[in-house]
Each structure stands twice: as C-alpha cells, then as structure tokens.
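First the structure, in the form of structure tokens, and then the observations on it.
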C-alpha cells in the first residue's frame, strides 16, 4: 500500500530499527550507563558513547569518543540514544543528525519548546528520524533490539504494532498482547511533548507498510491533533479494511486548561479533547477502547474477526 512513501529511504529500516542497528549513547551518566547495559543484555548492538572530556576511556564497557563525527567514523553507528540533560539535549540531537545518524531517540524531558523547533528543522534538513523527546523509546522483539528505557520482559515477537504517547500505557498494551498470544512487531513510544519528532501518523504509515504488522494499537492523550491527524489518514487509506486498529486515549476526565503529566497533555480552546479524538478515530473505522484494560481483548477480537488468527 505504502511502498512509495519510503522508497527514498530504502537504506533505512522500515520500522526504524533492525538487527543491524548500531547505537551510540549520548549522555553516559548513571542512567545512560544503566540502560546501555540492559540494551546490550537484550541483544542491541551498542557500539560506544560520547563524552568530550573522557574520550579514549572505557565507561560501562563502552569506548568513549570525543564527538559524534568521531564515533560514526570509528564504529559506523547509525542510531543515537540521548540521555543528555534538558539544557544540552537539543544540541545533542542536532549534533547526532548532522553527523549522519538515521535515527535519534531522545529520552530527555523538559527540553524548551523553542529548542525543539530548531531540532525539528535540522531533522527535516538532514532526513534524520527523531523519536521523542520525553519518550521511553522503541523496541523490536523479533530482532532483540531496543533503544530506550522500555522493560523487555513483557514483550514477545509477534503481529501487533503499538504506537503511544504514554509510556506506561505502552507497557499495558504490550503485556496484554503478549498474554493474548499476539506479540508485537515493533513498539514505538513517541513521547508526550508538544513538539515530538514522530507523530502517530508517521508510525502508523510504517505499520501499514510492514508485512509482519497485522494489527495496530494506537494510544493517545488529550492535547494536540496527532490522533485526529492519524484518524484522517486511516480513513483516507481505508486502513482498517486491511489491518485492524484499536485506540485508547488517556485523560478523558482532565479539566480544561490543566496539564496532565506530559507537556502536550492539555486541553485548550476546546481542542484536543478525548471525545473529539475518539469521534475522529471511530469515524475512521477504529475500534475504541475507552478503558485501557480492553486494548488487548479488543485487538484480539478484531484480529479474529478479520481472520488473522
């Protein structure tokens, strides 16, 4: 359906990562060290880290390089995971993109919105894909590859693609699909900030084009129009005639004008409500799970109805 959308990026994995993804860590403090170890234990190829003052040393079993250009030259890294604190995170994203990274995953929260506008401009100019900021990352059980802080024990290789603004609801959906025997193809936490890199539509398009992904769970939050935009694309392409989609939106009871956890989770001017998102998604043929505990049950029922299990 969508091969043309990605024809210019044939050298990049359709679902962002694969078994050959080589990862560099930017921000090798306590959290960077801890999660780099977990990533390697899972099977991810973490090839080094960047710290301008500690180049030439070994930290947490990783060789340390002075800058991103050096690490790319020495290791052929093609993806970066950023744990740099908020004041320097935008500069780290830009450095990674300009060094030729195909993918940047930014875990950092509280990056100024003005900084993120600059980051998104550079990402567009370089063709680098940004996931985040303020996200848990992504995981691909079939290749044992993950970038981020996602716990691995609840995932199993399978058929369902999950895209989510909420970290914890990502894990809820993953565990439910594992228990249902469906498993996951790739799971992407896009983050809850107003200026996120990948939005729901960007990821859903990739799931639609991926033959292993046979069903999709979309998890949104109040605020913004990412979910409505995805609903418009799903309706336009009649995606639900080919692959079932189940959606759940967090924040249905949030009072207008009050931020709920994530910087982007705020209803203002009568826009971004949970009901508005549900209405748009339902009109596109998406099955709605108003309680997140039903996500696994509903996607199982939809997969069975369409003869996919």
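Cβ coordinates are placed from backbone N, Cα and C, and glycine is handled just like the others.
Annotated features in Swiss-Prot:
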type: ACT_SITE; residues: 262; note: active site, tele-phosphohistidine intermediate
type: BINDING; residues: 54, 107, 108, 109; note: CoA binding site
type: BINDING; residues: 171; note: substrate binding site
type: TRANSIT; residues: 1-9; note: transit peptide
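Features as recorded by Swiss-Prot, highlighted on the structure.
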residue : record                 : contacts (Cβ under 8 Å, 6+ apart)
54      : CoA binding site       : 64
107     : CoA binding site       : 31, 81, 82, 83, 132, 133, 134, 135, 136, 137, 148, 149
108     : CoA binding site       : 27, 82, 83, 84, 85, 86, 89, 132, 133, 134
109     : CoA binding site       : 86, 133, 134, 193
171     : substrate binding site : 150, 151, 154
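Binding of CoA is attributed in the record to 54, 107, 108, 109, and the widest Cα separation among these residues amounts to 25 Å.
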